[in-house]
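Below is one structure, written out as structure tokens; the observations come after it.
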2 protein chains.
Amino acid sequence: MAADTLPLAEYLIARLQQLGVKTMFQVPGDFSMGFLDICDDSGLRLVGNCNELNASYAADGYARVLQQDTSAHGHEGARLAVLCTTFGVGELSALNGIAGSYSERLPVLHIVGMPGVASQEKHAILHHTLGDGNFDTFAEMSSHVSCATALLARHKGDPQKLADEVDRVLSTCVGEARPGYLGLPTDLLHVPVDKALLERPLALAHASNDAAREQACLEAISKAVAAVKEPIVVIDACTIRHGAVREALQLVDDSGLSFVATPMGKSALPEDHPSFAGIYLGPNGKGHEKLHKKVEGADLYLFIGALRSDFNTASSFTEFTRQADTIEFHSDRTQVFDQHFDGIGMKELLPKVAALLAESKKDRTPNELHPRNELPSREAEGEAAGPNGDVISQAWLWQRIGSVFEEGDQIIAETGTSSFGLLDTTLPGGLTRFHSQVLWGSIGYATAATLGVAFAASEEGLGRVHCFTGDGSFQLTAQELSTMIRYGLAPVVWALRNDGYEIERQIQGPERSYNNISPWDHEALLKALYAPSAPSSAGGAEEAERKSHAKDVKNVTMPQYHAVRTKDELNALLDGKLGKEGLQLVEIFMRRGDAPQALIGQAEATSKLNA
Amino acid sequence: MAADTLPLAEYLIARLQQLGVKTMFQVPGDFSMGFLDICDDSGLRLVGNCNELNASYAADGYARVLQQDTSAHGHEGARLAVLCTTFGVGELSALNGIAGSYSERLPVLHIVGMPGVASQEKHAILHHTLGDGNFDTFAEMSSHVSCATALLARHKGDPQKLADEVDRVLSTCVGEARPGYLGLPTDLLHVPVDKALLERPLALAHASNDAAREQACLEAISKAVAAVKEPIVVIDACTIRHGAVREALQLVDDSGLSFVATPMGKSALPEDHPSFAGIYLGPNGKGHEKLHKKVEGADLYLFIGALRSDFNTASSFTEFTRQADTIEFHSDRTQVFDQHFDGIGMKELLPKVAALLAESKKDRTPNELHPRNELPSREAEGEAAGPNGDVISQAWLWQRIGSVFEEGDQIIAETGTSSFGLLDTTLPGGLTRFHSQVLWGSIGYATAATLGVAFAASEEGLGRVHCFTGDGSFQLTAQELSTMIRYGLAPVVWALRNDGYEIERQIQGPERSYNNISPWDHEALLKALYAPSAPSSAGGAEEAERKSHAKDVKNVTMPQYHAVRTKDELNALLDGKLGKEGLQLVEIFMRRGDAPQALIGQAEATSKLNA
């Protein structure tokens with residue numbers, strides 16, 4: 001290889017490293033191992049997942065953390081997550097996870113190790129194929145959930161084009177905050193690519209706002225703002241996805257306006273901010289009548305990064321904000337009432353709107369609804385607290401749990417009682433972040449995503465990772481705890497034990513057996529999933545074994561299990577018994593049939609919609 | 001509802017029941033639960049899987065067993081397997097399993113519970129969508145691995161068409177032995193359909209052979225046969241897939257010809273048949289030189305149901321049989337040397353060929369190569385047997401294990417040391433069947449497929465189910481053991497403990513850490529995955545709990561774990577210690593780096609092809 005070239009695989013890895021990527025999630029396969037060797041030699045950390053779906057969830061979780069702007073803390077986070085699978089069998093197992101990242105807008109690069117171009121051109125009936133000699137089918141399937149796809153086999157004779165394709169997929173993936181797909185054949189890994197191509201800047205940013213059009217937009221906003229008395233800011237998902245958190249924060253700081261967040265916007269802006277009024281659940285916000293009244297009573301909505309899905313409007317599309325009174329800020333467009341300003345993106349616009357609103361800051365009524373975690377009355381808990389009131393009810397749990405979180409902690413919630421319950425928990429500020437698949441809502445996501453969140457949190461120097469899941473959801477992806485322990489990660493996994501799929505029971509079939517699960521023993525499970533002292537073979541090839549395990553077994557602290565059956569037991573745990581090192585699995589026994597208020601309302605709406 | 005109509009969902013279920021379906025694999029979701037309720041009330045058994053990928057593997061396994069012709073034993077097996085998932089998140093998780101069924105030709109109906117037509121027509125931004133209001137995307141993704149797709153929402157106003165679409169998907173699925181896709185919206189479940197439509201016969205069979213053309217084909221075969229002295233029959237995958245097992249057996253019985261099987265054809269015809277000469281692995285058949293010589297020396301190949309994939313030719317396409325000396329029999333075409341007879345299918349043709357060959361039966365040399373399970377010499381085992389020769393080597397295991405199988409047993413092998421090793425094990429006859437994904441080769445398949453094989457074997461009155469997997473593959477889908485125990489199934493799961501992905505190590509990276517796995521304790525795992533005596537909630541709603549569990553907990557025998565570290569221990573187990581009831585997990589400790597001869601040869605070929 002000439003001195004001014006490097007192999008294609010190394011080009012790709014160098015690009016990833018330029019983008020800050022330190023970790024790649026993967027399950028090996030014979031069409032990907034050649035690439036894995038080169039990654040390994042290049043110092044990219046290869047995380048070995050138990051299966052590909054879990055790997056894709058982990059990559060999604062990793063990408064979520066990276067959407068936080070940690071630069072003020074001296075960290076420069078990676079710009080995307082990377083997942084590597086093998087052709088056919090591996091990549092298809094990851095598709096649900098990738099679709100989730102597409103739906104919820106997370107930049108995940110999916111590198112698929114493909115059979116060699118030589119085999120492809122012969123239409124060979126290889127294993128891991130449909131037996132039809134077609135090697136493009138799986139990329140076509142993935143293209144529905146990728147914003148950019150490249151099959152590198154198509155450019156085998158053209159090194160410059162190969163590099164261009166890598167760059168195109170990377171830029172689009174980061175720029176659009178969505179998955180990209182790169183099909184990498186085994187026999188192109190070593191194609192020499194011009195090193196100088198690595199110096200080209202990757203086009204990651206959006207186009208700038210057109211000055212005249214932006215001015216027109218600002219004038220419309222200025223006019224709208226002048227006419228109103230009680231505007232309110234609504235923070236939604238795309239504020240995070242399109243990196244406008246800092247700008248949104250500046251707007252609430254400068255304007256003095258109160259703000260609420262949607263479920264998908266939760267924690268984008270710090271919840272300890274004096275202007276934070278709560279999570280807005282529309283008519284479904286039982287117990288939050290004051291907030292509901294305040295939002296309904298507003299005469300202008302500054303809606304930032306809106307994503308109006310059923311669960312995110314928390315009421316299956318019941319009137320959310322009145323369009324006639326709403327200004328919507330998106331990554332690439334702005335809407336002032338019925339006036340559309342395409343191409344005017346919020347990242348540049350919001351600081352100017354902030355300046356506009358700062359003028360009238362002194363006239364604002366201060367926010368009086370700042371939420372706090374307050375334990376419910378025994379009456380409010382009702383039957384869920386058991387005859388003696390000592391059973392941990394949903395109403396009590398989500399208020400009590402708030403005290404365990406510290407600034408910078410990362411909280412992952414499974415779609416279910418956890419994701420709805422945590423909406424009621426007010427979180428600390430700073431870089432604390434709430435992660436949940438409110439739109440995609442794939443059962444089993446939270447546990448495996450925790451692996452990725454924990455890696456990213458550790459790389460970025462953030463706080464502890466807390467995963468909340470249920471006993472039903474846990475069973476889909478439980479084995480990934482094993483990977484967390486193996487790599488020395490120490491999240492707290494809170495598993496709510498309530499005898500099955502409670503979210504489903506709230507919607508339909510509360511007594512149907514399809515909502516039952518097999519009874520597991522989670523304490524035994526934790527022992528099962530990491531047992532380094534047991535022999536792992538009949539011996540032999542000891543040298544190879546020792547050598548290749550050496551990288552994995554550093555810094556492993558054995559995990560701890562905690563069973564929590566009463567309020568006193570949870571109090572004791574929160575007051576000091578929770579281990580600081582090593583993974584903690586906390587099983588909270590709750591009553592079947594108990595659910596957070598927000599879930600009960602949502603379930604009714606969903607059930608009606610399905611009928 | 002008028003008396004001469006029934007709800008669409010009941011129409012579908014009635015059709016399934018006409019086709020012999022007793023069991024449906026599923027994971028519930030809010031868009032599928034309405035259908036599940038109706039299934040439950042119709043007496044269809046709903047098997048609750050831990051996750052959707054596992055459910056799809058289970059359905060594939062169920063379908064494999066059904067491809068056996070058990071009618072001679074008084075059983076009428078179902079004609080297809082059924083899987084039900086929820087829109088988006090559920091269905092995509094199942095795609096890898098469905099693709100495997102497509103690749104390997106198994107009839108699996110995938111019913112996807114979809115959002116209501118009302119929501120679809122509004123392009124509502126529902127959960128489980130990509131947020132774009134499009135409800136067809138996932139069906140399009142699945143269409144690449146389905147032989148028929150129906151989105152019932154498109155025919156909402158036309159009950160007759162709805163029934164037609166159900167019938168079309170079912171017929172195609174069974175007829176082509178491939179997956180079909182049925183998108184069933186929540187608000188069409190109760191559309192009244194004319195009951196009389198259920199009386200229409202489903203068009204499941206192939207078109208008959210054209211008599212004149214078949215005659216021409218037979219003449220060509222007659223001429224070919226007359227000129228040769230040493231013909232041999234090769235049995236391959238599609239003999240099973242297209243229901244020509246009985247006809248192939250008749251051909252070897254009537255002709256007296258010796259036959260070999262490919263890896264995918266293994267056990268299609270009974271291996272205790274006097275004419276069986278062994279599994280043919282081409283130049284990769286080390287230790288089987290006599291068989292190799294016999295096959296190479298043949299002057300005519302009668303190749304039934306050929307599927308020439310790399311692993312199935314066991315040599316990555318090295319010359320398998322000489323085309324100039326081969327007659328190929330397929331489901332819908334026949335090839336005599338270079339003459340093609342399209343439309344002439346083997347099911348009708350083979351009995352006529354059998355009659356033709358019967359004439360010269362008395363002149364045939366009897367088969368002298370009938371294989372037996374014979375323990376290897378200490379020398380042949382080499383280092384793998386450890387310094388004292390007591391470690392269980394691959395060479396020894398696959399010969400020794402043969403004695404555990406009884407007629408009618410179903411044997412599932414994971415792609416890895418197990419699937420290659422078991423090629424060397426001669427199996428009992430009758431309805432004993434070997435199941436393995438030789439073409440698709442998805443890691444983790446075997447464990448979850450075992451659930452489906454065990455259900456079907458139990459419904460069909462077949463023998464015990466044995467699953468062979470490795471410690472690496474096991475981790476992908478291990479939780480499904482839990483479902484087997486819960487439903488009272490009692491397979492034997494043989495897990496080879498050799499410290500990681502051995503098949504991968506044979507191909508690449510024997511010392512790379514990506515081929516390592518997390519160290520598990522399988523004994524603890526078995527305890528973890530079924531613990532009925534532990535509390536599964538904090539109580540409450542007890543009545544509902546008791547009622548809805550009642551169906552599940554019948555006939556559960558607690559599982560047993562066995563660790564086997566030496567030959568003596570395995571001998572003791574095979575000679576009586578293996579439990580007859582309840583799931584048995586047997587962990588066999590073997591040496592890392594040890595692999596069956598056939599795998600070593602295949603790995604070399606694959607490695608070369610990837611370079």
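First residue shown is number 1, and so on along the chain.
Using N, Cα and C of the backbone, Cβ positions are placed for all residues, glycine too.
According to TrEMBL, the protein carries these features:
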| type | residues | note |
| --- | --- | --- |
| BINDING | A:D471, A:N498, A:G500 | Mg(2+) binding site |
| COMPBIAS | A:361-381 | compositional bias 'Basic and acidic residues' |
| COMPBIAS | A:543-554 | compositional bias 'Basic and acidic residues' |
| DOMAIN | A:8-125 | domain 'Thiamine pyrophosphate enzyme N-terminal TPP-binding' |
| DOMAIN | A:432-534 | domain 'Thiamine pyrophosphate enzyme TPP-binding' |
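Where TrEMBL records a feature, it is marked here on the structure.
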| residue | record | Cβ neighbours (10 Å) |
| --- | --- | --- |
| A:D471 | Mg(2+) binding site | 26 |
| A:N498 | Mg(2+) binding site | 27 |
| A:G500 | Mg(2+) binding site | 28 |
Worksheet, complete the sentence: In the three-state DSSP scheme, A:N498 (Mg(2+) binding site) belongs to coil
Worksheet item: Quick one: DSSP breakdown of the domain 'Thiamine pyrophosphate enzyme TPP-binding' (A:432-534) into helix, strand and coil?
Response: 47 helix, 16 strand, 40 coil
Fill in: Residues in the compositional bias 'Basic and acidic residues' (A:361-381) grouped by DSSP into helix, strand and remaining coil
7 helix, 0 strand, 14 coil
Fill in: Across the domain 'Thiamine pyrophosphate enzyme TPP-binding' (A:432-534), average pLDDT on the 0 to 100 scale
96
